[in-house]
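Listed in TrEMBL for this protein:
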type     : residues                                               : note
ACT_SITE : 234                                                    : active site, proton acceptor
ACT_SITE : 241                                                    : active site, proton donor
BINDING  : 58, 59, 60, 61, 62, 63, 81, 82, 83, 125, 126, 127, 153 : NADP(+) binding site
COMPBIAS : 1-11                                                   : compositional bias 'Basic residues'
DOMAIN   : 230-520                                                : domain '6-phosphogluconate dehydrogenase C-terminal'
């Protein structure tokens, strides 16, 4: 009995990173007493170690990189994965990348027990059932007041369901959007935490250091709001990303198919664009892509990539939510449709044999003028895409009572995330000037920019149509602008048709009230 009592070491206090050895699977400790057959070795190891600040479960690329980022910022972190080889791999990476304070555990009990109280565990696992399974595994070892954070691309209603279930067990829950891909996760992502504000305060100090840092506006993280707001905002962020990528692809197609620009010329054009109003992560990487030669053969790699776009669902969710909220989002919808059509590769190949022919006008093209027109069309279309995304967020915020700050969202997207762009600062300022702005298009600065660019925008869309090149995103953006700017649309005829065949009634422009006309009888009598 004496020997067992000596093994019961007192609970250690949270410590600073200096108390940790370089990243290994086992933390620094005195040589523990030899366990008796009735004492678990893992339990003794946990008792003998200095507790870590936070835990992370789910060690695919994003999880590994975020764990290393947290450790590099001075926060000792415990890591766990169901596939134990991922744990060892992460610990080894931490050692190679600077002896970072990362500590690996092969079982959930030891993992949870290694974290200081109140415990905070970030999950980075595939959305849906795997999240529920991971929560069940972790919650079995958590105590009242501990916190779980889901850092995946989860459907916001699932987050709200889980937050309620965790609250009943005395646990806190956050749904946190993480944008920036693997590079962002490692060096500074944009973070969108929503849910329990108390849980957010647990880790605010970590998130402020781990997030991307923008010199003129600070860390790219803020408390988004209640419930599933963090996941919802990340979802719409991804929808805007769909639109952005589609518009850039269309600009490329017009320049290549109509302007006959080479990959070398395209690289130069996009590099130049990245110095002005289009400066952004997506424009930057697009320029890089055009310059990469194919190591497996001749020519450029981009020309060897199959024209079939994948997706993980957030863009579709965004479009579905736009429809549910009755918010027009044609640019984002067009980008989704384009991905669906790209997936019909075999059908498109067969269709191209049926609809053979030269669809080009054959007219000479002024390359310099085309490049400038496409630049302006891309920028104007981009404004429309962001406006649509912001309107979806605003509508959901109103419906749910989240009270989201659209200007603050634009601020945290300025760095780290995939849609980071210089003009997000302009969006923030637009909402700072008028928090109740009905639409970005009517902000005085953006309104003037669109007016200045609409002639070039129309030329590009017409040129593309006349040459048989599809520009669904640019065309949808232009149609959105043209519909929004008109004080009268042909919707009067549509409503008259609805009343004709379905007696749905209509309103009049010259008097109040709801009306119904027996159109069929009136039309028949007028023919007699």
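Every residue gets a Cβ built from N, Cα and C, even glycine.
Sequence-distant contacts of residue 58 (NADP(+) binding site), defined as residues of its own chain at least six apart whose C-beta falls under 8 angstroms from its C-beta, comprise 81, 123, 124, 125, 134, 152. The residue listed as 'active site, proton acceptor' is 16 Å away from residue 62 (NADP(+) binding site) when you measure Cα to Cα.
Less than 8 angstroms from the CB of residue 126 (NADP(+) binding site) sit 152, each of them six or more residues away in the same chain. Other C-beta atoms found within 10 angstroms of the C-beta of residue 60 (NADP(+) binding site) number 14, with every protein chain shown included.
Note: the Cα of the residue listed as 'active site, proton acceptor' and the Cα of residue 60 (NADP(+) binding site) are spaced 20 Å from each other. Using a 10 Å Cβ-Cβ cutoff, residue 234 (active site, proton acceptor) registers 28 neighbours.
Spacing of residue 153 (NADP(+) binding site) relative to the residue listed as 'active site, proton donor' is 14 Å (Cα to Cα, whole number). Ranked by how many other Cβ atoms sit within 10 Å of their Cβ, the binding-site residues 81, 83, 153 place 83 at the bottom. Of all residue pairs in 58, 59, 60, 61, 62, 63, 81, 82, 83, 125, 126, 127, 153, the annotated binders of NADP(+), the farthest apart have Cα atoms separated by 21 Å. Residue 62 (NADP(+) binding site) counts 21 other C-beta atoms within 10 Å of its own C-beta, drawing on all protein chains shown.
Cβ-based neighbour count (10 Å, all protein chains) for residue 241 (active site, proton donor) stands at 22.
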